[in-house]
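What follows is a short report on a single structure.
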Amino acid sequence: MAEFPASLLILNGKSTDNLPLREAIMLLREEGMTIHVRVTWEKGDAARYVEEARKLGVATVIAGGGDGTINEVSTALIQCEGDGIPALGILPLGTANDFATSVGIPEALDKALKLAIAGNAIAIDMAQVNKQTCFINMATGGFGTRITTETPEKLKAALGGVSYIIHGLMRMDTLQPDRCEIRGENFHWQGDALVIGIGNGRQAGGGQQLCPNALINDGLLQLRIFTGDEILPALVSTLKSDEDNPNIIEGASSWFDIQAPHEITFNLDGEPLSGQNFHIEILPAALRCRLPPDCLLLR
C-alpha cells in the first residue's frame, strides 16, 4: 500500500470493545500506516483531541462512532483556525449512522477505515443554529425528534434504527403536532407540523429520507415539513407519492428562521436543543471530508 500521512481516530467510548476494529487498525499499522487512537469519555473530549491532532500534524481526524460523534468532531474541526486543518474521516459505529450511510461510507470496518485515511478530501457544508450549535447532517423537529430523544438506550442497542419506529408506535396516542412559523429565502409557512426536517444531509431517525434532495456542497439547506392535526392520518398520508401529498411542504434556502408560541425541540445530529426561536444557516465549504468517489450527496 502507498504511504499515507498520519491519522488520529477519535473513538466513542462505547466502541472500545470492538475487536474487528482493533484488528483492522493493527493490520493497517502493519502495512505502514500511522494511526493514533484516542477514546472519548465525556463531552469536550473530541475538541481536545482535535487540538492534539493538529499538534501531531496528522492529515485526517477520524470520527469513530455515530452521528453524535461525527457532529462533535466536525464541529471542533470547523472551529480551528490557520493552515493545515485536518480533513474529517468517518468510521460508522453508532446506532443509526444516518450521515455515514447517506454519503456512502462502507459498512465494512476495514474498507471504511481505508476510505477515512486515503479517500479524496472534498469541501462540504455544515449548518449552525443560533450562531452556536452546529450540525453536519440534519435538524429534526416534532414527532420524530421526541421519538429519537425518548427511545431507551437499551432498545436502541438491541434493535438499532427499528427501535425508533417501535417506540413511536407505542407513544402515538400522546403526541401532538407543533404549531410554528418558518421563513427562508422566498419561503414562508405557518401551521401545525408533525415532523420538520432541515437537512444538509438526507436522512435521519435510522434511515428515514426526510430531505431526499439535499446535497452537502451546494450552499443550501433543504426543508421538509409533514403537516397534520392528527398523528395517525398524517402518517398514513406520507405513504402517498410526494406529488399527490398535501401534507408535505418543501423549501430550500441558505437559512431558515423558526418561531413557535411554545417550546419545541430540535434534534441536531442526535443532540436535543429546545427553544421558541431558531435561526439556522448554512456554512458553505466549512470543512473537508474524505468521501467515496460515487457519493450521491455531491453536486
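Every residue, even glycine, has its Cβ placed from backbone N, Cα and C.
Feature annotation from Swiss-Prot assigns domain 'DAGKc' to 2-133; the stated evidence is sequence analysis.
Around the Cβ of Thr69 (ATP binding site), the same chain contributes Ile10, Asn12, Thr40, Ala46, Ala63, Leu93, Gly94, each under 8 angstroms and 6 or more positions distant in sequence. The ATP binding site annotation in Swiss-Prot covers Thr40, Gly66, Asp67, Gly68, Thr69, Ile70, Asn71, Glu72, Thr95, and the record cites sequence analysis as its basis.
Leu220 (Mg(2+) binding site) falls outside any helix or strand according to DSSP and counts as coil. Annotation comment: Swiss-Prot describes Leu215, Asp218, Leu220 as Mg(2+) binding site, evidence class sequence analysis.
The active site, proton acceptor feature in Swiss-Prot is assigned to Glu271. In sequence order, Gly68, Asn71, Thr133 are the residues of the chain that are 6 or more apart from Glu271 (active site, proton acceptor) and have a CB within less than 8 Å of its CB.
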May I ask which residues of the same chain, at least 6 positions away in sequence, place their Cβ under 8 angstroms from the Cβ of Asp218 (Mg(2+) binding site)?
Asp125, Arg299
Greatest CA-CA distance (Å) over the residues Thr40, Gly66, Asp67, Gly68, Thr69, Ile70, Asn71, Glu72, Thr95 that the record ties to ATP?
17
What kind of secondary structure is Asp67 (ATP binding site) part of, going by DSSP in three states?
helix
In the structure shown, which of the binding-site residues Thr95, Leu215 has the fewest Cβ neighbours within 10 Å?
Leu215
Given Asp67 (ATP binding site) and Leu215 (Mg(2+) binding site), what distance in Å do their CA atoms have, once rounded to a whole number?
17
May I ask which residues of the same chain, at least 6 positions away in sequence, place their Cβ under 8 angstroms from the Cβ of Leu220 (Mg(2+) binding site)?
Ala252, Ser253, Ser254, Ile282
